[in-house]
Each structure stands twice: as structure tokens, then as C-alpha cells.
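Take a look at the structure set out below.
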Amino acid sequence: MAKPTRICCIGAGYVGGPTMAMIALKCPEIIVTVVDLNESRINAWNSETLPIYEPGLFEVVKACRGKNLFFSTDCRYHVAQADIVFVSVNTPTKMSGVGAGKAADLAYWEGAARMIASVSTSSKIIVEKSTVPVKTAEAIGKVLRRNCPHPDVQFEILSNPEFLAEGTAIQDLTNPDRVLIGGKETESGRAAVAALASVYAHWVPAERILCANLWSAELSKLTANAMLAQRISSVNSISALCEATGADVQQVAHALGTDSRIGPKFLNASVGFGGSCFQKDILNLVYICESVGLKRVADYWHSVIQINDYQKHRFVEMVIGSMFNTVSGKKIAILGFAFKKDTGDTRETPAIDVCHGLIADDARLSIYDPQVQQDQIFRDLSMPKFQWDHPMLPNGAQVPFSSREIDRTVSVSSDPYKACAGSHALCVMTEWDEFKALDFDRIFASMSKPAFVFDGRNILDHERLRSIGFIVYALGKPLEPFLQKQ
Ligand SMILES: NC(=O)c1ccc[n+]([C@@H]2O[C@H](COP(=O)([O-])OP(=O)(O)OC[C@H]3O[C@@H](n4cnc5c(N)ncnc54)[C@H](O)[C@@H]3O)[C@@H](O)[C@H]2O)c1
Ligand SMILES: O=c1ccn([C@@H]2O[C@H](COP(=O)(O)OP(=O)(O)O[C@H]3O[C@H](CO)[C@@H](O)[C@H](O)[C@H]3O)[C@@H](O)[C@H]2O)c(=O)[nH]1
């Protein structure tokens, strides 16, 4: 293929929007259009308030929007025009039927493929940007070929998984560790890989553009997420042992991380990992292993999720146990609801499970997050698991708590001091920088006594808090006498 001049991306979400904005910024001669069925999302991309919060994103979008970057709901038209079609639709965990609770739901992907086939009158490169099970390209190829009415139209499918993390998307896209492109080992496959590589070559050094076969690229993405999550579960499991023995998980992690074979990143003990990817992708990996008869391998990766669930339960038990085994009727401030700092995304945030655990014990929660709105928090707390990633499905599955129960027990505050006033305890759920700068003398004075801090992210100055008078639980750190079981 000659140098691509028109790119269309199906799916204007956390991946499609930022990745296409970066391509448009770096490749001014390419027309990039991001399409989505969700009209309000597209309207937001065309407005001054983008649909996602991501540091630096607005500046990139503003620099190209209306020049070579466009957002539209006219999916069929823009796909038909494109040389390269990225598919960046959601691939959530299946909620029902075969593989429910584990397998990836490829319904959105298949819908996109059928649409591409039906509107294409010219050959195209189709790029899997979504995270998909290994061998998806084969299935999608069949859908494309069987549904396209024009026999001359050829589709070359590439796997080009995305490794950006939310909150640092623009940084990650500007300076990626690597760009991975998988393609068929045929002449046309290699040509397609070269065409896509030429897009990234506008700003990514050649040695960081890795080429692989299709199945290796697909599997690398699932494995990368599984291994990142595995590091967190490993250090989180050790955080429990630290509390039991008087070791300090941050000191242990530092000692481990200075071994150049281990490295220092992704060793921060936490209340648990969240986000739309880790759990979903590990469950998908587990399902694939089970499907090919590798039960021992499936069990190994499943244990990463089990430890993550254990960590969240352990945190709830610590809160309730420390507060004399009951939080019934007690106000507890929840600082942070997003799954990590610098994002407003709440998908699979550990805060949901912790809040549910506390509500089950009849606590009254007062939640503050600088980027998450009240309606989102209420939706998350009254929604069944996995429903968050099915934006187009009607409601219906069973909810853990009714909306009425959530209304009765939860309030959301736009001011952290109001959230904490009158509370018995505050729980740090997200590592927002602004929490470190709060006036804890003022907060302590406004709280019931004994006043507890449960730091699920280890971001606060625990010694200072103790000197103010707080009882402090710091995850994976030696327990102060008040918190030790007799
Ligand atoms: N969120 C991340 O940080 C991240 C990072 C790397 C990879 N991924 C993967 O990328 C994919 C997309 O993730 P996301 O977070 O951007 O999801 P998202 O839910 O934010 O966005 C997906 C968008 O696709 C749209 N869509 C679905 N079907 C469509 C169709 N047939 N036609 C047009 N639009 C359609 C939806 O309306 C939605 O706006 C997933 O497979 C995910 O696992 C996500
Ligand atoms: O040492 C750590 C690092 C992270 N986390 C938590 O792990 C979760 C995930 O964090 P992170 O990986 O930074 O964010 P994501 O946006 O979920 O990004 C992951 O998932 C994306 C989607 O597949 C991939 O593209 C990225 O490479 C991968 O890092 C969050 O809850 C973090 O708080 C920890 O608890 N301890």
C-alpha cells in the first residue's frame, strides 16, 4: 500500500480518542477521524469538555481538531473512506452465556467488523487496537471476508495492542516503551505491517517498533497486563505478611526493586489494583488457558485476582475490626474513588468493593474525589459487576445494593473537609496528590474520637498523623499497638 492518507478509528473511548489525537498531532498529512455510535461522547470530543479526563489531552486535541483530527457519529462513511481502520471498541468480560464472568465479549468487535465489511469498496488494513483473545484476528478475518459484497476488496488484519496507562496516556503515547505490530507472515501481511509502522515512525524510534506474528502480538498484550498485575498481587500478598511480622512493605519493595533483574516499578502495595483492564484481561487469559486444557496455568493466573480480592476484603476487615468490630451508623470518609490518580475513571476501582463491604456493615459513607461526579459514584455502587463496561446493554442483572440503600447510606461531597467532618475514620482509596496537602490538624479537630486513618495507598505522612492524635493503619506497615489483636 502507498503511504496511508486516511485513518478511521472505531471507538472514541479512553484508547481511541487519545491514540488518534497523538497520530493526528505527529502526522499532519494524515486525516484522522474517530467515530463512535455514542452521540454524546462524540459531542463531548467536539466540545471544550472532553469525555475523559487525561492530563495534557486537551492541548493535543485542540492542536489538531478541525485540521486533520475529526470526531463523528457517521461510522459508515468514514470507515468507507479510510485506508487504515483501527478498531478500539470495548471488549468487556462476558456477562452471560458460555464463558460468562471470564471470556471476553467480542460482540462490539464483531458488530464493528460486520459494518466495515458492509461499507468497504476499497481494500483496507484493519488494526486490532482493542485488547482481544489470541486468535481473534482469525475470527474477524472470517467475518470480514464473508460479509463484504465486493470480491476484489482485501482486508489485511494487524494486531497493534495499546499499552498506555490512564492518567499518563499522553506521556505514554509520546514516548512509548515500544509499539507492537503483529501481522501475517505473507507478502501482503508484511506490506501492511510496514504501512502501519510508517505511521508510528513519524515519532517513535525504529528500534522501538517491534514486529511479530499476529498471535504473538495478541498474546503479548494479555500477558503484559497479567504480569503487571501479578507484581502488584505479589507485593500485596507480602503486605499482609509484613503486618503480621513487623516488616515494612515499602522497605521490602525498595530492597527488591533495586535488584536490576526485578526493577522498582509496579511494586507499590495498595488496597488492590483496579481499572478496566487488569481483571478483565487476566480473566480472559484464564478462560483461554482453560479452553485449551491448561488448568494449572489457568489457576496460576487466577490466583492474581484472588489475592486482589483478598486484599480488598482484608482492608475492610481491618477498618471494621479496628473500630471495635462495628461501623454501624458511623460516618466514614472515603477519600478518592477513581481507580488511580489523574483519571476520573472508576471502572473496577477497589473503592467500589471497599464501599460495598462497609455498607454491608451499615456504615454511613461520605465520599470525595476531585474528578469523579456524584452520579457516577451512585451508579457504580448500585450496579452489578461488569455492567460498567457494557455501555449499550440495558440494565437488568442483579445489583448488590438497591439505589434506595445507596441513597440512604452514601453521600458525596465536593469538599474533602466536609467529607471528613464528624466522621469516625477516613479511608484513602486513591493516591491523589492533593490528599497529601490536606490540613490534618483541622480534619482531626472535626472528627469523632478516636479518629482513625486507613491509608490504602501509603501516601500520607503517618508519623505526623500519629503526632496529631490519629490512630493510623498504613497498609503493609508495622501495626501500632492500638491496632494489634490481643
Ligand atoms: N482504557 C485503557 O487504558 C486501555 C488501555 C489499553 C487497551 N485498552 C483496550 O482498548 C479497548 C477499548 O478500551 P476503552 O477503555 O477505550 O473503552 P471505552 O469503553 O472507553 O470505549 C469504547 C468505545 O467504543 C464504542 N463502540 C462500541 N462498539 C462500537 C461500534 N460497533 N461502532 C462504533 N463505536 C462502538 C463505545 O460506544 C465506546 O465509546 C478495550 O479492548 C480495552 O481493553 C484499554
Ligand atoms: O505499583 C502499583 C501500580 C499500580 N497499582 C494499581 O494498579 C491499577 C492499574 O494501574 P495502571 O496499570 O497504572 O493503570 P491502567 O490504566 O489500568 O493501565 C494498565 O492497563 C492498560 C490497559 O490494558 C495497559 O495498557 C497498561 O499498560 C497497564 O499499565 C491501579 O488501580 C493502580 O492504582 C498498584 O496498586 N500498585
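Each Cβ is built from the backbone N, Cα and C atoms, and glycine gets one as well.
The structure displayed is predicted, hence computed values, not measured ones.
What TrEMBL says about this one:
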- 11-16, Asp36, Arg41, 89-93, 130-131, Glu166, 277-280, Arg347: NAD(+) binding site (BINDING)
- Cys277: active site, nucleophile (ACT_SITE)
- 333-462: domain 'UDP-glucose/GDP-mannose dehydrogenase C-terminal' (DOMAIN)
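All features noted in TrEMBL, drawn onto the structure.
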residue: Gly11; record: NAD(+) binding site; DSSP (3 states): coil
residue: Asp36; record: NAD(+) binding site; DSSP (3 states): coil
residue: Asn90; record: NAD(+) binding site; DSSP (3 states): coil
residue: Glu166; record: NAD(+) binding site; DSSP (3 states): coil
residue: Cys277; record: active site, nucleophile; DSSP (3 states): coil
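In sequence order, Val34, Asp36, Phe86, Val87, Ser88, Val89, Asn90, Tyr108, Ala112, Lys129, Ser130 make up the list of same-chain residues 6 or more apart from Gly11 (NAD(+) binding site) whose Cβ falls under 8 Å from its Cβ.
Taking a Cβ cut-off of under 6 Å from any atom of ligand 2, the recorded positions Gly11, Thr93, Cys277 reduce to Cys277. Highlighted here are the recorded positions (Gly11, Asp36, Thr93, Cys277, Gln279) whose C-beta falls below 6 Å from ligand 1: Gly11, Asp36, Cys277, in sequence order. Between the CA atoms of Glu166 (NAD(+) binding site) and Cys277 (active site, nucleophile) there is a gap of 10 Å. With a 10 A radius on its CB, Asp36 (NAD(+) binding site) counts 23 other CB atoms from all the protein chains. Neighbour list (Cys277 (active site, nucleophile), Cβ cut-off 8 Å, at least 6 residues apart, same chain): Thr131, Asn225. Of all the Cβ atoms in the protein chains shown, 23 others lie within 10 Å of the Cβ of Asn90 (NAD(+) binding site).
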